[in-house]
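The next block holds one structure in the form of structure tokens; read it before the comments.
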Number of protein chains: 2
Amino acid sequence: MTLRIAEIFGPTIQGEGALIGEPTVFIRAGGCDYRCSWCDSLHAVDSSYRHDWMVMTPEAIWQEVRRLSGGRPLTISISGGNPAIQDFAPVIAMGKAEGYRFACETQGSIARPWFSALDTLVLSPKPPSSGESVDWAGFGRCLTAAEACPNVMMKIVIFDDEDYLWARAVAGKFPDLPLYLQPGNPEVDPDRPVDLQACTDRLLWLIEKVTGDGWFAPRVLPQLHVLVWGNKRGV
Amino acid sequence: MTLRIAEIFGPTIQGEGALIGEPTVFIRAGGCDYRCSWCDSLHAVDSSYRHDWMVMTPEAIWQEVRRLSGGRPLTISISGGNPAIQDFAPVIAMGKAEGYRFACETQGSIARPWFSALDTLVLSPKPPSSGESVDWAGFGRCLTAAEACPNVMMKIVIFDDEDYLWARAVAGKFPDLPLYLQPGNPEVDPDRPVDLQACTDRLLWLIEKVTGDGWFAPRVLPQLHVLVWGNKRGV
């Protein structure tokens, strides 16, 4: 059995969502069933990058994570692309046997039995600006598959007012899921520096919308890695 | 009974630590038993500002929080100065009766019975660069007082290598307390804009120290409010 892997990197910190700031090694899976208009990880999504993806056994993936982390347990984030396309159960089993913790980030379109083995599952339904539309039945199957996972939450990226209103409606459907909002990042060219002031201005816009509306359920967070490294890869 | 209050403001988001990104109203208490060299809240610490502090009953404090939040429950952060100098038990009781949640930020020098009524207690022992020294017996009394508080954690500000090594030693003393590190902010003049690049460079420095050393216990976070608003007050 092999998996398609776009990159394995770290340790760095998790830049967004519930585990923001947490030392993490990232396993970025290659391949996605979505093609969001503003995707910031096309190198793990667009099949034109397919020749750059590694074909690795679970054992080889695990050896690389162990090498990067010096054999010291930490949090591993399985992201993508959509990692739920593939079977990460063997990698998770190897890591948990050595005391590592696992988080997974997925849009919630495909459910996997291994969601139940995760410490954290972040479901990121994509708002209208993505150009995708959410299959809520599939999303529900993800929640069911994750019933044994102690930390399941939603993260929604907000580019505009329409996304924001959509997020409020989604939050109404799932009032018991912790919710994290982050402003969308339209600057995704890895070769161009990011405008820090524009980044923090977008965060301010979203903070003011949420607090101005008296909507106190979501946490509002930036992408720290973009503030620190721009769109550089491998950090 | 009255309390000395430097400011009550919000709703905004919590800018640092475990509750980063959480919509919050802040009650900033006036007065402190410390005088850290790099204090970013001197207007709540230095007694020369004392004439600016409000003298408020718990009822008046509660009415102001309720007004700011539109009567919608959210997280209230009691900070300072050192809020543990004063008795916030009546304010907490009023807020909890209406479904509000309470966090408190204190250096951990003075223990209070009302710590047990908090949802979150953040203890911030001050590193060598502060010019203060920690009374660990007092810190231990704070931990004991907070036994009924479900979320107790440490936050340590790091200005330099000495602070960093100190934080590692402190973490060794309290391995079960979740730990948050944040780079120190030497730019504390509310009338001068903050250098965003310098802020993110300090965060990068701390991330690289932690990950480079394979120290995976702490989360590393910036002060989001400084990135968004600089040192402006009341946000």
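Cβ coordinates are placed from backbone N, Cα and C, and glycine is handled just like the others.
No curator has checked TrEMBL annotations; they are predicted automatically.
The feature substrate binding site is assigned by TrEMBL to A:ILE13, A:GLN14, A:GLY15, A:ARG28, A:SER79. Within the same chain, residues at least six positions away from A:GLY15 (substrate binding site) with a Cβ under 8 Å of its Cβ are A:GLN223, A:LEU224, A:HIS225, A:VAL226, A:VAL228.
When secondary structure is read from DSSP and collapsed to three states, A:CYS39 ([4Fe-4S] cluster binding site) falls in the coil class. Sequence annotations record features per position, and here TrEMBL assigns [4Fe-4S] cluster binding site to A:CYS32, A:CYS36, A:CYS39.
Look at TrEMBL and you will find A:TRP38, A:CYS39, A:ASP40, A:GLY81, A:SER124, A:PRO125, A:LYS126 tagged as S-adenosyl-L-methionine binding site. In the shown protein chains, 19 other C-beta atoms lie within 10 A of the C-beta of A:CYS39 ([4Fe-4S] cluster binding site).
The Mg(2+) binding site annotation in TrEMBL covers A:SER41. In sequence order, A:ALA6, A:ARG28, A:SER79, A:GLY80, A:GLY81 make up the list of same-chain residues 6 or more apart from A:SER41 (Mg(2+) binding site) whose Cβ falls under 8 Å from its Cβ.
For A:19-231, the entry in TrEMBL reads domain 'Radical SAM core'.
In sequence order, the binding-site residues from A:ILE13, A:GLY15, A:ARG28, A:CYS39, A:SER41 that place a Cβ under 8 angstroms from a chain B Cβ are A:ILE13. All protein chains included, A:ASP40 (S-adenosyl-L-methionine binding site) registers 19 other Cβ atoms within 10 Å of its own Cβ. Closest to A:TRP38 (S-adenosyl-L-methionine binding site) in space, going by CA atoms and restricting to the binding-site residues A:ILE13, A:GLN14, A:CYS32, is A:CYS32. Of all the Cβ atoms in the protein chains shown, 25 others lie within 10 Å of the Cβ of A:ILE13 (substrate binding site).
Shown in sequence order, A:GLY10, A:THR12, A:GLU16, A:THR24, A:PHE26, A:SER77, A:HIS225 are the same-chain residues outside A:ILE13, A:GLN14, A:GLY15, A:ARG28, A:SER79 whose Cβ sits within 8 Å of the Cβ centre of the substrate site. Straight-line distance linking the Cα atoms of A:CYS32 ([4Fe-4S] cluster binding site) and A:SER124 (S-adenosyl-L-methionine binding site), rounded to a whole number, equals 13 Å.
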